[in-house]
Each structure stands twice: as C-alpha cells, then as structure tokens.
Amino acid sequence: MASRFCYLKNLMSRVEALKWFGEVVPVLAALLLRLPSLLENHYRDADDILSGRKEGLSGVKTGLRILGPQEAGIVVLSQELISALLACSFFCLFPTYDRGVKHLPAINFDCLFASLYTGYNEKQEHKIKCLIHYFERICSHMPMGCVSFERKVLPLNPDHSVISYPSSDFWSRSAVSLCHFEVLHSGLIEDQPCEALQVDFANKYIGGGALHRGCVQEEICFMINPELIISMLFLPSMADNEAIEIVGAERFSNYTGYASSFRFSGDYQDRKPTDLMGRRKTRIIAIDALCNPKLRQYRLEFLLRETNKAFCGFFDQSKCHLYQKMFQEAPGTNNLNKDAKEVNNKPGNAMLDETPSTSEEQEKGASGAELIENSYSEPSSQYAESQENIGVVTGNWGCGAFGGDPELKTIVQWLAASQALRPFISHCTFGEEALRTLDQVSQWILSHEWTVGDLWNLLAEYSNQRLKGETNIGFFTWLLPSLPMHDSSMVSDKNCI
C-alpha cells in the first residue's frame, strides 16, 4: 500500500494529487462498498443470459468462476463489475496464497508499484499512468457495457460434438483454399479499422508481465485496455490445445513507444460500435507460442503445436456442426468436400460469419442474450449472407524475445486462419527484415491457387530439411529461389514476443 501512495505523492503534480484523493479515491471506495451487491446481481442474472431462451441451452453458464484447464466456457461481466474488481486489485484485496497452485497469475497491483522502487524504469511509471487514467475515467463516467471472456479448447481426444485437436494428416489433406492475405508494413494491430480478431502474442499465463516488469505487445495491450487485466483473476495458464478470446474490452489510453520506450500519451476515446449485448466489437485472441524453440520449431510435432494453437484461437467452435457438415469426407475417398475448398473464395466468406448484421438483428428482434445463445448452437440459417466479415489481424507472433522464425510463424498463422474459414488475414510486419518480401511471396502463393494442404506439405518438407541440415535459408527463399537470400537465424525483437 505504501508504494502506491509514495508514487502518488512523488510523481503526481499537486493538482493531479488533489483530483485523485479528492475525487477518484472516494468514488473507488464507494465502488468497493457496492461490490457485494454487484456480485449478487451478477450471479442472479448470469445463468439467465442463455438459459430459458431456447431449449437445450440451460447448461451454458456465464457467471464469474475459475475456468480451469481443459474447461471450455465463457464468463460475461459488466464493465461496472470489472471496474470494482480492478479496484480490488489496486488496493491488493485479493488473496494470493493458492493462486500458484491453481496456475493463476498474480492479480494484485503491489508488484507493479513496487517495481518503481526496486530498479526504476520509466516504462513502469507510464504503465501505472495508464491504470490511473482508467480509474479517473470510470470514476467520472462509468461505462455500462459488458465484456465476455471465453476459454477455447480443442479436445485432445476425438469428440464428434466439437472440433478436436487436428493431426498432421488433417492438415496435409485439407482442401480448403487459402484466404486473402494482406501485408501491412505500417500501423499497429489495435489500430486497424476493420472488425477482426486481434492476436495477443500471449504468455501461457494470460497478461504475461503486465503487473510486473513486462512491456511488450501483450503487456501494452493490457495497459491501454485495463479491463483485460481481470481475465488474470479467473483464467489459469493455457495448455497447448487452448486459447482465450475476449470480446468487448474498451480502450482508454493512447501510447507511444515499445518496451523500454513505452509512454502513456493521453486519453483515447474508443468509438468502436457495440453489439446488442453492449460489447464493443473488439475481439482479442490470446495465443501463446513456443518459447525459445530454436531448431525444435521445425520438428513436425511442434509445427503441429503452433498451427493448432493458432487454429484454436481463430476457429469458432460454436459453428462446429456447420463445419463438420462442410468438411465431411466424401464416401470412398480421403478428400474433403469440395465445398470446403470453395468457401474461402466466396465473397466475404459469409458461410461462417459471427453474427447477423445490425439490420438483420433489428428485423428479427434479437436480444443480446439470443446472440450469445446462437453462438452456442447450430445456426438456423447456415448459408445466410451477412455484412460482418471477421478476419484476423496479427503480426510477428512468437518471434523476437521468444525466438521463433518469422517466416515460419507467418505461414502457420495463414494456414490456421484459412482452415478456420476466416475471410482474410492482415499481417503487420513491424519492419521485420525477414518479411521484406512477404508481399511478393504471398501473392505468388495465391496465384498458384494452393490449398491449405498444399502449403502445409511444403512447409513440412522445408522444416524437415532444416532439421536435417540440408538447408539454412529462410522458407521464402527456399520456396522462391529468385528472392534475395535471407539468413533465417537473424531475427529482430521489435513488436514481437
């Protein structure tokens, strides 16, 4: 507690301190006193979000609880409840004695504040400024939307009711067409205007070092969108077959820089539209890559691990029945249904869009609860056109400090997005030297009309040659020998994790 108030005393101006203690702290205190009633209302209404609306959905729970390992499920919290819980984190009110045993990350803010006095770094001060700004904002005007937190699982054992963890044969035989690929040589993942899954280059403990000394892609994301932090309260570490999807988190802060140069740069007004549940149309997918994989990243089992990890994040498991129908094997063959090959070539890939358009929602009189319950059941109109085409926006996932091969990781994410029937993938290169020819390579690949299986098989062959020492050039040059040669052992760490 002392470290927090030392910070406020030493680093705030007199005017800022007067506002904080005179206006913000009293509102936070009142919010904490209201927490029991907020939780009571939450648990009273939580299971009614889905149950009672449509037959067969009474078992789907949305209440606040620990979503344990291999437990697919969803928690839906109001922004007001999240703010009260984050106030608990600020005042370090959560018990800590058994969080490690439950594979849960730290949730109180004590380590973040203490880091200012055990090796000062200006980035830590600016991380705290983001959080202070968040509390000032919610105390002046409480947002009234909600945020959903979903643990996504690809079961390791075959289960006909869901899509299970794919084998290498599954990828090798896939007849799905590759989706549209866009290269973004400037800009950030969170700044892209289109609605898309935004990839969080996550630690297996969601949030990574957000409440410690970390300040790369995931930690910055959690600072400018503080509502993400509350996922650390109830989501244990991710296994190889798991991902986390968070929909609706509001952004509150602007920033500049990265890592040690990170700086809070003022208020951000999030103007993203909301769905009928009041969730902002911001979809964040947390997937953790292999750490320091070196040569093992080229082994088939780890190539499969990375591809399936991305696929778990990108795939909409609620569309399982439609997916299985589209991808069923034709009698007497080992080939997937030709509809699967054609789906990514259809305009907008409308066959698997997440939700109906706003006009369709209004015509049907759909409620927010009905939108969620539809995501947990087979769509009634499987081939309905939709105006919402949700792709993927990503970057150099698992590279940089984590040591992954940028060319390999780029292709892995493209394969996963295509197989998940996403209409497009946009890749922010962040100036990565290894990806300077990505425009040329992606267009060349698309011009050949390859399937997911075709590209997977080439990637697997390249990886096998790397393991055997038969090649040491990057995948792009291996694929197109006319490209400038690139030493794949040299990677940068800018905007990577």
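Here the Cβ of each residue, glycine as well, is placed from N, Cα and C on the backbone.
What TrEMBL lists as domain 'PARG helical' is 13-151. The annotation domain 'PARG catalytic Macro' is assigned in TrEMBL to 169-436. The active site annotation in TrEMBL covers Asp200, Glu218, Glu219. Sequence annotations record features per position, and here TrEMBL assigns substrate binding site to Asn203, Gln217, Tyr258. The region 'Disordered' annotation in TrEMBL covers 333-368.
On a Cα basis, Glu218 (active site) lies 8 Å away from Asn203 (substrate binding site). Confidence annotation: the domain 'PARG catalytic Macro' (169-436) carries a mean pLDDT of 82 in the model. The number of other Cβ atoms within 10 Å of the Cβ belonging to Glu218 (active site), over all protein chains shown, comes to 23.
A straight line from the CA of Glu219 (active site) to the CA of Asp200 (active site) spans 9 Å. Around Asp200 (active site), the same-chain residues six or more apart in sequence whose CB sits under 8 Å from its CB are Gln217, Glu218, Cys221, Ile284, Ile285, Ala286, Ile287, listed in sequence order. Cβ packing within 10 Å was compared across the binding-site residues Asn203, Gln217, and the lowest neighbour count falls to Asn203.
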